[in-house]
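**Q** Annotations for this protein, taken from TrEMBL, read as follows:
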type	residues	note
DOMAIN	A:1-98	domain 'Exoribonuclease phosphorolytic'
DOMAIN	A:102-166	domain 'Exoribonuclease phosphorolytic'
Amino acid sequence: GDTSVLAGLYGPVEVKGSKESPDGATLEVLLRPKVGLPGVGERSREQLLRRTCEAVVLGALHPRTAITLVLQVLSDAGSLLSCCLNAACMGLLDAGLPLSSLFCGVTCALGAQGSIVLDPTARQEQEARAVLTFAIDSTERKVLMATTKGSCSVEEMQQCLAAAQRAADTIFQFYRDSVRRKYSK
Amino acid sequence: QRLDGRQCYDYRNVRVSFGPDRGCCVVELGKTRVLGQVSCELVPPKPNRATEGILFFNLELSPMAAPGFEPGRQSELLVKLNRLIERCLRNSKCIDTESLCVVAGEKVWQIRVDLHVLNHDGNIIDAASIAAIVALCHFRRPDVSVQGEEVTVYSPEERDPVPLSIHHMPICVSFAFFQQGTYLLVDPSEREERVMDGLLVIAMNKHREICTIQSSGGIMLLKDQVLRCSKITAVKVAEITELIQKALENDQKVRKEGGKFGFAESIPNQKITAFKMESAAVDTNDVEEQAEEIITKADPPSEVFAKPILHTPGTAQIGEGIENSWGDLEESEREEAAEEEGESDATAFECQRMETEDTSTMSEAKDEPIVLSDSEEEEVVILEPQEVSKKTRTQTTLKQENTSKKAFNKRRRKKRAAR
């Protein structure tokens, strides 16, 4: 919809001694909101993104390097976290970093009666009883990361998860089409 | 002859696009991209200027702009740019700050302009100044009415937001000098910036008034050179102002007609690197059935769930969880028995302690792997309890641990930390 996030990726590059890790690449994520200085909310989202990306990036191929991922929020109209996840994945893909699988982010909002809305707008998010975000990977549709805001029952979470896995298919198709388009010319 | 084939006095292509929010715009000057966002809030005014609103500028060099930009570093360049933008827009009084006052001495509007540099390909100053001015023109602040002591702020639905009162639009134009003033270039690109001797920035508005002028780099300029530059600036500013006006009008028209607007729309379809997809309907019809399957599969395990399972004397387990090291503390308080080494080594389970007698059930618990489908708790790693020796335990105190919800979250967090 109207939510836009711009992702920029640098790496693998040299890193200072304190940050370097002999096992693999160190991943750093920076999320910049549009207005104001980055606050605690941004930090927590950065950590979530970082964990997800670490699970996917084959860091062992580039030890003692750093990979920096910068995300700038251009506009926020709901489902911001999953938009960031998608932007991050496409950025990693475009940069040519070795990945074990792709991932995508899907947000679900649970209405008061238990109605599931995928990819909610800001309005729908506010009115929802619970908002769940999942990061789903491409190879086996497993869940890489899940975050909830609000309360929901276990069954509802199951349903949201299943719906999210369906939606993931659509998103991966979008990835494929856009990459194909870019490299076919 | 310049690297990209421009003439000495040629500007790169300027493109302005708007976002869905009011006051949000992206300016592209060749490859240099700057995002500007304007926001406002009501604050008490500065004590020595009780009747004026506050203008606040913030320029940020995003690390994606160039590999050398690190967050949190107040580099000289950043300070210089910030100061220049501030001077240009604040001291020229292009915004009427008196009109921002709501209740004299108590409440005024604070307008905050955030500029993010998305890509650095030279001449950030110009792009930033254009972005700031365009964002300010684009912005609408909520309407406010004062009745005596009461101030009511109307939301955009109640009353149309009001534009800011802008007298004129100052725009910066940069000139780069080479070889002690012999060569002069307008709008230096990044490479040209690196090798230039000096920089001259002139901010002018379309009425040919110079708002700000700054010369840095220590080159000595002749008087007629400066005059020449100002004439060039006048021409450029006129062009750019026209462009801005047209873009603003376009955006206004689209908004009125209710058409779609925003960044997602402004990316032209023909660009190879851009791809749009209509909102896709996701088939969720059989999702429910699928979910039910998962739940029924999960049900049997949940029965096992309910029974407390004894792993070691004094610790029972309900649900999967992460061991907490409290286990060790608790045990040490008790009457002595050999401590399980295994317990401290194994990763944590969160436990609910129950009154227990002996642990004949222990061995059966050991062999019983509790299988929870992944759907219940994502990627639960089930660890077999290690070899435990049988022990007699008399009494253990009942300890209520966290509620299940909290346990859930804690587990998730610990799991992530463990990963």
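Placement of Cβ uses the backbone N, Cα and C atoms for every residue, glycine included.
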**Q** Could you give me the DSSP helix, strand and coil counts for the domain 'Exoribonuclease phosphorolytic' (A:102-166)?
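**A** Per-class counts: 19 helix, 27 strand, 19 coil.
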**Q** Per DSSP, what is the residue tally for the domain 'Exoribonuclease phosphorolytic' (A:1-98) in helix, strand and coil?
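**A** Secondary-structure composition of the domain 'Exoribonuclease phosphorolytic' (A:1-98): 36 helix, 30 strand, 32 coil.
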**Q** Per-residue pLDDT averaged over the domain 'Exoribonuclease phosphorolytic' (A:1-98) comes to what?
**A** 78
